[in-house]
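Here is what TrEMBL says about this protein:
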REGION    A:1-21  region 'Disordered'
COMPBIAS  A:1-11  compositional bias 'Acidic residues'
TRANSMEM  A:51-70  transmembrane segment
TRANSMEM  A:90-113  transmembrane segment
TRANSMEM  A:125-148  transmembrane segment
TRANSMEM  A:200-218  transmembrane segment
TRANSMEM  A:238-259  transmembrane segment
TRANSMEM  A:307-328  transmembrane segment
TRANSMEM  A:340-371  transmembrane segment
TRANSMEM  A:391-411  transmembrane segment
TRANSMEM  A:423-451  transmembrane segment
TRANSMEM  A:471-493  transmembrane segment
TRANSMEM  A:520-541  transmembrane segment
TRANSMEM  A:547-569  transmembrane segment
């Protein structure tokens with residue numbers, strides 16, 4: 001026997017037959033068979049060719065196009081945003097409702113007893129580490145950006161009541177019918193609308209993608225990439241162009257979803273730093289930090305310097321790079337846990353130092369208000385509150401959906417060994433409750449400051465400053481504001497590093513051991529996309545319109561995934577039941 | 001001289017391993033040492049196996065095949081599951097050296113990426129007390 005022959009011996013050992021505890025999908029596809037391996041100079045690579053090439057080239061082209069034609073790009077982005085939100089708002093809302101009902105059904109149906117990774121699998125991560133990663137990846141920066149600002153905005157617009165424009169459409173931003181002049185009801189409506197956007201719906205979207213991936217990866221033995229979940233529908237065609245398109249869509253959605261969050265994070269951190277450590281007065285146009293003008297009001301005529309944002313995003317991306325190079329356990333998990341600890345401390349601080357009793361009772365009344373208003377808020381058709389539906393809800397749904405491949409894949413990667421029922425409860429219900437708590441404490445404190453103390457700083461501040469305005473009214477403001485900025489930055493890092501891991505895996509055809517330089521590439525380009533979009537004419541609005549445009553096709557993917565999950569779980573359950581009945 | 005030889009193997013690239021496997025077998029015969037083959041996998045499916053259990057089974061088959069083919073007196077398989085093999089490989093190999101109490105590590109130096117050149121071998125050499133031999137493919 002020659003040395004080469006044993007290779008065939010190894011392959012001839014074949015795949016052990018399923019032991020009755022899981023149901024492998026038999027396919028002739030080998031993971032990595034379409035991959036291209038090699039070296040560029042000293043840098044090794046191992047990529048799935050069509051997916052990596054298309055997404056890499058399009059992203060690079062996009063960055064250069066936006067840099068070269070910032071004004072045209074800005075106009076094009078805002079036109080796209082209006083078109084998609086106005087035309088497809090009903091579709092986004094319907095998809096959101098569908099996935100929530102689907103997840104709730106899985107908790108009670110017998111299919112929920114299937115265990116991810118086979119009947120005897122044990123979880124890889126304890127609850128704390130698992131939960132920290134879910135949360136840091138899933139919401140992160142958004143909680144910091146919108147924690148104070150969203151409840152406050154809905155409260156203020158509800159209180160203002162409705163106004164009708166000349167064209168007969170409502171021009172106000174109040175949810176539903178608003179609550180003109182009724183403070184107590186405006187609080188309830190504001191909190192209900194906020195929880196609607198941060199509660200069951202986003203987490204159900206994540207759960208669906210995560211469940212599909214975990215099921216088809218750990219139980220069916222297919223590669224860890226979005227296309228695998230479509231095997232029940234498309235069969236072996238998922239390894240061809242059908243699959244390439246699905247994976248490429250997922251890469252785009254992830255990249256722009258992340259870039260938007262990074263944009264929010266950078267803007268908020270820059271504003272926070274300027275307010276805390278900068279000098280000058282915003283109204284006079286003299287406010288600056290490190291000599292760079294930033295955070296001035298529009299009326300003052302001073303144009304903010306983009307340099308501060310560029311420096312921030314670059315610095316934070318470098319930290320994220322270190323984290324991805326250190327890997328899942330050494331970097332991402334550790335940072336997530338640090339972040340979780342800091343966030344809990346800040347939450348407890350605001351809860352104890354703020355109006356504690358009012359906040360606790362606010363938590364329960366907000367939950368009550370949520371369930372009371374939920375049916376009306378969920379309704380996708382015939383809504384009169386068009387600004388709210390299109391500007392808030394549809395945008396959020398697109399944003400969550402565009403995050404879902406990334407968060408879903410990340411959740412899937414760390415969730416082996418949980419049953420479907422446990423998985424859904426932990427991914428859907430617990431994070432939703434934590435979001436309710438977070439929003440009730442941060443938003444509730446700001447609303448109490450306004451109602452009880454008559455403090456108008458939060459109401460009048462721009463979105464990205466509301467958190468710091470709220471903290472400034474509490475003791476130890478300089479410390480808590482600093483913690484706030486640190487949290488924004490670390491959330492930025494945890495989103496960016498886990499996102500890079502996910503995009504890298506998708507573009508490597510489901511391989512998780514692709515060379516590290518590929519992660520570095522994606523991490524760098526996430527930062528680059530965030531920078532060029534922030535600096536383009538539209539600024540944050542450009543980011544939002546890209547999110548909503550890439551979220552739309554993925555919404556269709558989400559619906560199909562529900563079908564695939566049911567098909568996958570049924571064969572899985574049949575495989576688990578079969579041997580026991582035969583005994 | 002040597003009692004326990006550890007050979008890291010990448011089952012996804014068996015061709016590149018041949019020289020190292022041959023050397024390991026020859027030295028094992030010379031010193032009457034036993035040989036442990038160490039493989040690293042993630043919890044996710046890979047081109048080698050659908051899950052860690054299957055990977056372990058394949059590695060065990062591999063070790064048995066080496067024993068039969070080269071007439072090594074004793075071989076063993078040591079499969080390690082890592083959450084992030086691409087970055088944890090060095091650490092995993094160091095751990096394996098001390099877990100197995102190996103006194104010689106024989107590595108192939110031209111497997112694409114995993115055991116690429118000196119970085120992995122060098123790290124193992126500087127972080128453990130075992131002797132390290134890099135075999136060019």
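Every residue, even glycine, has its Cβ placed from backbone N, Cα and C.
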Stretch with greatest number of CB pairs under 8 Å, the transmembrane segment (A:238-259) reference, A:51-70, A:90-113, A:391-411, A:423-451, A:471-493 candidates: A:391-411
Ranked first among A:90-113, A:471-493, A:520-541 for CB pairs under 8 angstroms with the transmembrane segment (A:423-451): A:90-113
Of A:51-70, A:125-148, A:200-218, A:520-541, whichever stretch has the most CB pairs under 8 A to the transmembrane segment (A:90-113): A:200-218
CB contact flag for the transmembrane segment (A:471-493) and the transmembrane segment (A:340-371), at least three pairs under 8 A: yes
Contact set, same chain, for the transmembrane segment (A:125-148): CB under 8 Å, 6 or more residues outside the stretch: 194, 198, 202-203, 206, 261-262, 264-265, 268, 332-333, 335-337, 339-340, 343, 403, 406-407, 410-411, 414-415, 426-427, 430-431, 434-435, 438-439, 442-443, 445-446, 458, 463-464, 466-467, 469-470, 484, 487-488, 491-492, 494-495, 498
When counting Cβ pairs under 8 Å to the transmembrane segment (A:391-411), the leader among A:51-70, A:200-218, A:307-328, A:340-371, A:520-541: A:200-218
Selected stretch (most C-beta pairs under 8 A with the transmembrane segment (A:307-328)) from A:51-70, A:200-218, A:520-541: A:520-541
